[in-house]
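Working notes for the structure below.
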Amino acid sequence: MSEDKITGTLAFTVFTAVLGSFQFGYDIGVINAPQEVIVSHYQHILGVAVDDRRATSNYAVNSTDTPLPVTPAYATPAYATPAYATPAYATPAYATPAYATPAYTTPAPLTDKEAAGSAHLITVLWSLSVSSFAVGGMVASFFGGWLGNKLGRIKAMLAANSLSLTGALLMGCSKLGPSHILIIAGRSISGFYCGLISGLVPMYIGEIAPTTLRGALGTLHQLAIVTGILISQIASLNFILGNQDRWHILLGMSAVPALLQSLLLLFCPESPRYLYITLEEEVKAKKCLKRLRGAEDITKDINEMKKEKEEASAEQKVSVIQLFTDSSYRQPIIVALMLHVAQQFSGINGIFYYSTSIFQTAGISQPVYATIGVGAINLIFTAVSVLLVEKAGRRSLFLAGMIGMFFCAIFMSLGLVLLDKFSWMSYVSMTAIFLFVSFFEIGPGPIPWFMVAEFFSQGPRPTALALAAFSNWFCNFVVALSFQYIADFCGPYVFFLFAGILLVFTLFTFFKVPETKGKSFEEIASEFRKKRGAAKPPKAAVQMEFLGASENA
C-alpha cells in the first residue's frame, strides 16, 4: 500500500519541516555554555567595576535563573527555560575579555552595597537573557494554529523563519552594540519563533504522513530538537565557538538552518488536507498528494479526506472554551494537557541540575564532555523511539518510559542521600542519569507532541495544538522558576518527590490514555467513551475522523 512507502518527496518534505525543530533545539541549548563570557561582556558594556567580579560570579552559582549545564528535551520546549545551576566546570571568575576596547578608568573601590547592586543588575540581565526565550514561546504558542490556517502550512513556516532570522541577526551582532539589549531582544524573538514552530511542525507532519507512518514521522520533531541541542553543546565548546572571540557567532548560527529551510520550503508541497478541507481546492490537493505518495493510487486518500471534509463542514469553529465545555472534546483535551504536564513535571530538568556535580564526584575531570554524552544519549534513544513507536504503540511506550523514570528517580535519590557514606553511590546516580534520560526520550519526551494531533480532527486540531503547546511552555516556565527553591528545601530527597509525581502520572496514563496507533479518530473517540464509561456515543463524537486514518491501518 502507498501508506507503507516513504517516497523521496515525503522524506524531503519531512526533513525540511523538522529543520524548524532543529532550530528550536539549537536555540534551547546554545545559551548555556557561553554564560561566563557573555556575562563578562555585560560587565564591560555596563562599566561594572573589577571589585564586582566576585559578586557576579557568586550569583552564577546561587541564582535561580542561571542555566542548566545541559538542556535536552524536550519538547518541548521542554528545556526552553531559565534553568537552575551553573555548570561546575565553569571558571569561577570572569577574566577581562580580550575584545574589551572601551577605555575605562580604574574605578574607585566599591562599597559592599554598591557591589551588591551592580551584581544584582548583571544577575537580572542574565536572567532576562535566558527567560525571555520562554516568555516569547509562551506568547507565540497560541498563534501557531491560527497562522497555519491563515497562510497555509508552508507560508506560515516561511513567515516564522523571518522571526528566526531577525533573532539570529540581533544576537549575532550583539558584540558590536549594547549586547544585553540585543541578546534579550534576540532571545525573545527566537522564543516567539519556537513557540510558533512547536505547533506548526507537528501539525504539518501529521497532515502529510500516511497513517501507518504518522507516529514514526511525528517522533522526528523531537529527534530534530535533541539533535539541535547536541549540536549547540558541541559548538559551545571553548575551542570551537564558546569563547570570548566567537560567542556572538555561536548565538547567530541559528540563521543557517533558517535560511536553508526557507530555501527548501519553496520546493515542498502544501498539506493536501489543508488544501482540500480548508481551502476546498481539490485539484491542488490531488497534485500535492500525488507528489507525496508517488505513483501509487491516491483514491483511498481522497475518499478519506472527502469523508473528513463532510464531517468538518458540520463543525463550527472550536474555541478554547468549547474544548472544555463540549463533551466530545473535554476528555481528549484534558488527557492531551496532562501528557504535556507529565512531560514537564517528570523531573528531567532536575536530573540535569545535578548531573555535572555527580559527574565530578565520580571522578570525571571534564564534566562538559559527560554532559555532551548525555545529549548523545538523548539523540540515540529518541531515534530508538522512532523505530518503536509504530510497533509498540504510543501508550505502551509512554507507560514504559514513565515507569522506568520512576525507578531511576528512586535510585537517583538513594545515590544522592548515601553519597557521603559510600563514594561508589556516585556511580549509581550517574547510571540513573543516563537511564532516566533514555526512558524519557523513549516515551514522555516525543509522544505528547503528536498524540495531541491524533486526538483531534481538522476542526479543533489547531486550537488543541495551540493550547497543548502553551501548557508545555507554561509548565516549563513554572518548573524553571520553582525548581531551585524546591531543591533547596528538599536537598537530595528532591527526586523522591519527582518519583511520587511520576507514579501519579503513570496511573493516570494507565487508566485514562487510549492507544492511538493505526486508529481512525472514530475509533479513538470510542476509546475515550469507554474510558469515561459512556454507554452511547454523544452526537458530536462522530464529527471528527482523524487525518483520514484507515480502519485497517
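Every residue, even glycine, has its Cβ placed from backbone N, Cα and C.
TrEMBL entries are annotated by machine, without manual review.
As annotated by TrEMBL, domain 'Major facilitator superfamily (MFS) profile' applies to 13-517. Here the domain 'Major facilitator superfamily (MFS) profile' (13-517) returns a mean pLDDT of 81 for the predicted model.
Proximity of distant same-chain residues to the transmembrane segment (124-146), defined by a Cβ-Cβ separation under 8 Å and at least 6 residues beyond the stretch ends, is recorded for 27-28, 31, 35, 38-39, 42, 59, 63, 65-67, 77, 80-83, 156, 180, 183-184, 187-200, 203, 461-463, 465-467, 469-470, 472-474, 476-477, 480. Feature annotation from TrEMBL assigns transmembrane segment to 124-146 (among others).
Residues 14, 17-18, 20-21, 23-24, 27-28, 31, 38, 75-77, 80, 125, 128-130, 132-145, 147-148, 153, 156-157, 160-161, 163-164, 166-171, 174, 214, 217-218, 220-221, 251, 254, 271, 449-450, 452-453, 461-462, 465-466, 469, 472-473 of the same chain lie 6+ residues outside the transmembrane segment (183-205) yet bring a C-beta within less than 8 angstroms of a C-beta in it. Summarising the annotation, TrEMBL assigns transmembrane segment to 183-205 (among others).
Per TrEMBL, transmembrane segment is recorded for 217-241 (among others). Residues 14, 18-30, 32-34, 70-76, 79, 201-202, 205-206, 209, 247, 249-250, 253, 257, 368, 371-372, 375-376, 378-379, 382-383, 385-386, 389, 441, 445-447, 449-450, 453 of the same chain, all 6+ positions outside the transmembrane segment (217-241), place their C-beta atoms under 8 angstroms from a C-beta of that stretch.
With a cut-off of 8 Å between Cβ atoms, the residues of this chain six or more beyond the transmembrane segment (247-267) that come close are 12, 15-16, 19-20, 22-23, 26-27, 30-31, 34, 37-38, 41, 154, 157-158, 161, 164-165, 167-169, 171-176, 179, 183, 186, 190, 228, 235-236, 241. Marked as transmembrane segment by TrEMBL: 247-267 (among others).
Under the heading transmembrane segment, TrEMBL lists 333-356 (among others).
TrEMBL lists 368-389 (among others) with the feature transmembrane segment.
The transmembrane segment annotation in TrEMBL covers 396-418 (among others).
Through the fold, the transmembrane segment (424-443) approaches residues 72-74, 222, 226, 346-348, 351, 354-355, 358-359, 361-362, 374, 377-378, 381-382, 384-385, 388, 397-405, 408-409, 411-412, 414-416, 418 of its own chain, all at least 6 residues removed from its boundaries and within a Cβ separation under 8 Å. Feature annotation from TrEMBL assigns transmembrane segment to 424-443 (among others).
For 464-487 (among others), the entry in TrEMBL reads transmembrane segment.
Annotation source TrEMBL lists transmembrane segment at 493-511 (among others).
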I need to check the long-range neighbours of the transmembrane segment (493-511): which residues 6 or more away from its ends have a CB within less than 8 Å of a CB in the stretch?
338-339, 341-342, 345-347, 350, 395, 398-399, 402-403, 405-406, 409-410, 412-413, 416-417, 486-487, 531
